[in-house]
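**Student:** Below is the structure I would like to discuss, written out as structure tokens.
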Ligand code: MTE
């Protein structure tokens, strides 16, 4: 199941439309034209080939990807987000970018997306609960956005925050988690080309239950690092607080790298069940860094990954 960087994976299987256009980009482009601006790169379409970073494993179906979710703002059950996330209003949307950056501000999503070229990346997604899926994301590298806002030399970490809107998110009206959901990456992890901000999957705009309109995807880490429905990004000198580490520091660390050798205190992390694989498919061995070791192992050279879990 290791990705092989094949140049012709199941592209036709996963992309019925060769030139996927993000609807927001189309609207931003149309708006720009209506205002009479000079033709620019507004209508960025994705490359017709999947990224070299894609796995060649067969993707899960759209139904599997959108009906088995962790999005605790909408309930604790895997089926709750599909039922409840429709209430979340995602347009208009903006992200506040601040902290140690040259150009802090509140950026409308259209402005964030206008200059980026969206790409399809087929990434394995491995949950800490020992199940996995393969998801064809549409997105762009987080580094492209960070470069645009200008990261200052003293910044060492990136903090992310999810929308806090209890009237649309029933889970936020209950206790259990100290809302809003927050996550963080070390700056070099955030700048790694595998780390993307995703705005869609298959050829759909991001479904609400998967973190519309924009969420993080960090494929070598357990799924909880991939924070959904982001409204705030902040560059900092110190390691930022993260929701699961705050809640259960013995069970969930800041790094959360997929690691078959470090067990969760209550279960093994050595194998995984592929969602949708069928009753008799058996479990698969989990790969170090979820199979992305060539790209990211060097980030952790010299670190004890049993301590820094
Ligand atoms: N982001 C927010 N805001 N709230 C959440 O509950 N759950 C995390 C992560 N991002 C979560 C979140 C967990 S535990 C997982 S496994 C993934 O989202 C699930 O992403 P998916 O539903 O797109 O598969």
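The backbone N, Cα and C atoms fix where each Cβ goes, glycine too.
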**Student:** Have a look through 106, 162, 271 and flag the one TrEMBL assigns to the Mo-molybdopterin site that 69, 72, 73, 127, 210, 215, 226, 227, 228 belong to.
**Tutor:** 162
**Student:** With Cβ-Cβ distance below 8 Å and at least 6 positions apart along the chain, what are the contacts of residue 69 (Mo-molybdopterin binding site)? List them in sequence order.
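**Tutor:** Expected: 78, 80, 81, 82, 209, 210.
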**Student:** Rounded to a whole angstrom, what is the largest C-alpha distance between any two of the residues 69, 72, 73, 127, 162, 210, 215, 226, 227, 228 that the record assigns to Mo-molybdopterin?
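**Tutor:** Site span for Mo-molybdopterin, by Cα atoms: 19 Å.
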